[in-house]
């Protein structure tokens, strides 16, 4: 029987780990003198000693002691000596082949906890849909399974004896990584001296006290965003919600688009107090229309699915309307139609260039024919703006732009610009396939396909959009108020 030392200190004050892990991950030595030689411990490490973070689902930036595929090389007959905060040492012995697990009598409650865990329905009756943090996709592999449950047992035992603030890991994508490993290993894989982390036991019924570093992370986590295509993290204020790893364009709120396009301090919103009054008393078994409106208003901070107003773009006065897909899918109801109509009429009277940023699923079904009439109403005032006054209208199509918006003002711009990879269509792919019983080719409703067919004038990346708009306005004799 070969024995290994693993010094892990849990105190009421600081969480300490006394050991260092080299960059090559080939040595691990205890800080105190023990009866086991350092060479023996290195020998055990060379046999792929497995760390606490075995079930991490997001370990691309974390160097584990051994990867999941090497778990089969785990020592099948091994004893670990563990010391707690009270300087009490006890042994953990297990045999993977025989599924045998034994704890020193000084900590017999851990042994009872393990056997209760293994005898429960978790071992044999779990499925992937149970949302179980300990679900093992290799449940049929005995060695892998047994090792998983040994680690789960030890992990769960310490969880039950240490109070953790649930908000501490709420914003982390690694929340299902082993709890102990999260607090010991940093992203570089080295053991870190966690002088700022304070843990109190259940005796005082207190929560985890996080460090100042984590307070800062909580305060500024809105500055970071995760790509829904490759799951990479990016600083969204710099990258404009465009993934720097895969180039995927993420959705932007209307406020973010206004901030991107309009000069700071020049935005003047219009008709902010206009709200829908449920004109046809729409009845829904799932959720009343007014409740959905209230919920969307609380979520987005907007009164409806569009923001309208005036501002300056590189010093050039413009009228701007920006739709927000987060508000009921950017659907166009009577309020959206009225706000856009008033914006166009104001731009007509003031002889301002007009920009409408479209992001919508189409007409709002909860308002029936009133929502459909907004298509004709907006198109009518646009006709006067473009034909009678000879003013300049730019339509910007973002993903997704579909339905009634595409069939009306979305495609009426003097210049029609789309974002890269934007989904633009009148009827969605699913609707077409169900109606015509024909498959819709992939990419046929993407901006690049529409550009090749002549339905768009240009596809402009976000970082170049403001400069392109400035040049278009100057080409049509719209210049900054103050030339510097």
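Count begins at 1; order follows the chain as displayed.
In case you wondered, yes, glycine gets a Cβ from its N, Cα and C as well.
As annotated by Swiss-Prot, Zn(2+) binding site applies to 227, 230, 243, 246, with the evidence given as sequence analysis. In sequence order, 227, 229, 230, 232 are the residues near residue 246 (Zn(2+) binding site), counting only same-chain partners six or more apart with C-beta under 8 A. Following the DSSP three-state reduction, the secondary structure of residue 246 (Zn(2+) binding site) is coil.
Per Swiss-Prot, domain 'CoA carboxyltransferase N-terminal' is recorded for 223-484, and the stated evidence type is sequence analysis.
What Swiss-Prot records for 227-246 is zinc finger. Long-range contacts of the zinc finger (227-246) within the same chain: residues 173, 252, 256, 260, 461-463, each at least 6 residues beyond the stretch ends and with a Cβ under 8 Å from a Cβ of the stretch.
Comparing the binding-site residues 227, 230, 243 on other C-beta atoms within 10 angstroms of each C-beta gives the minimum for 230. Apart from 227, 230, 243, 246, the Zn(2+) site neighbourhood in this chain, defined by C-beta within 8 angstroms of the site C-beta centre, holds 228, 229, 231, 232, 234, 244, 245, 247, 248.
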